[in-house]
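According to TrEMBL, the protein carries these features:
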TRANSMEM  A:30-50  transmembrane segment
TRANSMEM  A:57-79  transmembrane segment
TRANSMEM  A:85-106  transmembrane segment
TRANSMEM  A:113-138  transmembrane segment
TRANSMEM  A:158-180  transmembrane segment
TRANSMEM  A:209-233  transmembrane segment
TRANSMEM  A:239-270  transmembrane segment
TRANSMEM  A:282-302  transmembrane segment
Amino acid sequence: MRDLSLSTAIKLSLFAIVAASISVFAPAYALQQVAIAIAYAIAILGLNLLMGYAGQICLAQGTLFGVGAYVTAILNATYGVSPLATLPVAAAVSAAVGLLIGLPALRLQGLQLAIVTFGIAAAFPQLLLKLGSLTGGVSGLPVDAPETPGFMTDVPELWLYLIALACAGIGALLVSRVLFGDAGRALRAQRDNPQIAQALGVNLTRTRLWAFATSSALAGLGGGVFAIVSGFISPESFLAILSINIVIGSIVGGVTSMAGAFVGGLFMVFVPSWASDINLSLGNLIYGLALILIMMVARNGITGFIEKWISMIFRRAAG
Amino acid sequence: MNDSSIEEVRPVLQARDVSVQFGGVKALTDVSLFVRPGEICGLIGPNGAGKSTFLNAATRLVNYATGSIMLDGQPLEGVETRDMIGRGVARTFQNLGIYASMTVLENVMLGAHHRLGGSFAKAIFAPLRARALERSNREKAMAVLEEVGMANLAARAAGSLAYPLQKRMEIARALAAEPKILLLDEPAGGLTHGEVHEFGALVDGIRRRRNLSILLIEHHMGLVMSLCDRIVVFHLGRNLAEGTPAEIKSNDAVIAAYLGKAA
Ligand SMILES: Nc1ncnc2c1ncn2[C@@H]1O[C@H](COP(=O)(O)OP(=O)(O)OP(=O)(O)O)[C@@H](O)[C@H]1O
Ligand SMILES: [Mg+2]
């Protein structure tokens, strides 16, 4: 048990060092990109709980992210609510929508559920266009920049970055509260063997619905942060492919890892553009090959790969 | 009925005329069985006799077509599978019901899930209380592991244990549920002759310390005969015999059923 808290402490300090160095060394534009990556990371944190721990697939995480983004934008642009105050509402509304999506999950198996949720993701952008009076249609909605504290007015991007980071911290805290306790054990139990879980008193229905709600709340929170950091949203940001990209981010980062969610978010934002930087006409090819290579080398995602190496080095060193 | 004579204690578990059917296969036909408080009742019979099916019916993992099963005088019809453990019925599985990727301690802590409830809301919104519960649950689970002599293995992945230890861990998990009655499906599987003796002493100790009722399915006759107060025999999905170990040992129908199987 002491080892566990020690390794958690090491991970947290490492995380703090990385987060602080980014804020010091990254140029303003890159800082905003990182903040967007963190917004995705919040959605991935939720998806990791759902996919990695509850064993349920959801190909509509980008839609729930979009719902959160639009709740923030509508509340801010139409009703003048201050951007940060919209975030809890964004999380709550997405959680409610996620519960609705979770209902078919009680009856459907993995593959069918994948198709049903992807259907939702495919329909979402056009739904946004149809509800133009609410969503601003193709032209989208602007979101006010949150008021930047006086000493930071030179670099408002830094403030956005810190907001994203704080929201991710809250998200990670909530997820860890669920995972490291009885609820987390019940989640894993129903994933690995539902029948035995039932014999142990696990309420499969309730556990799965809570997993969907929690995961969706985080998607909504991430979406709200995305809207604030971007300053403007339109249906184009929430196409069906976003849900696939979030799943890819989750798996590439490591589907049962909290640190993996951040790796996944950064991957989503930076790797495709790096791939095009290498060669504009071969960007997709390079990106695709990178995905294939990562999965060949690191089955448990990038963080799983790193953890495996670190524990191997430690074991060597221990003799 | 409370007007029965004082000597006649109400059984913890009482099944009457229970039948279970899988498609066209009649796995159980009108079987009856009871377990008294504090008693170790053996359930034996040749392979395919329906012993495990009876356990599944008594824990509501399979439905029974006819008959009734009562727990402390309360009928089980309509009770959800997941509510059985909370009503005091804990079990182990013939082919192991463990979580291989979890640690031994986590497996055992799952035994108390029915008391903790696994509430997401509590975990998220009342973290201090959730953490205090988690701590006391962990201490209780460690005490149970101590009781079965596995405390030193608490941090091991359950899947990395030898088969007999996995079975023993499953018993510890059932004990962590603090049940009234324990249903064990071939718990001594994989043990050598010498180990079986020690295992019998362990089960007997558990029963005495906790004043538990136990229904024990076991093929190891030496263990069954030495441990059980009473034995029920199933054959081809029906009741064949019932009595003390001595009576069962000399029962011609039982001997024939087992010899018939061997022949
Ligand atoms: N889920 C099921 N579906 C179909 N048939 C089943 C099922 N479970 C058990 N049976 C059948 O019911 C009968 C009784 O099986 P059961 O497992 O209860 O016997 P058992 O007495 O536990 O045997 P063993 O000593 O081999 O464990 C067998 O004929 C078996 O094939
Ligand atoms: Mg059996």
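Even glycines carry a Cβ here, placed using N, Cα and C.
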Winner by Cβ pairs under 8 Å against the transmembrane segment (A:158-180), considering only A:30-50, A:85-106, A:209-233, A:239-270, A:282-302: A:30-50
Candidate ranges A:57-79, A:85-106, A:113-138, A:239-270, A:282-302 - greatest C-beta contact count to the transmembrane segment (A:209-233) (under 8 angstroms): A:85-106
Which of A:57-79, A:113-138, A:239-270 contacts the transmembrane segment (A:282-302) most, counting Cβ pairs under 8 Å: A:239-270
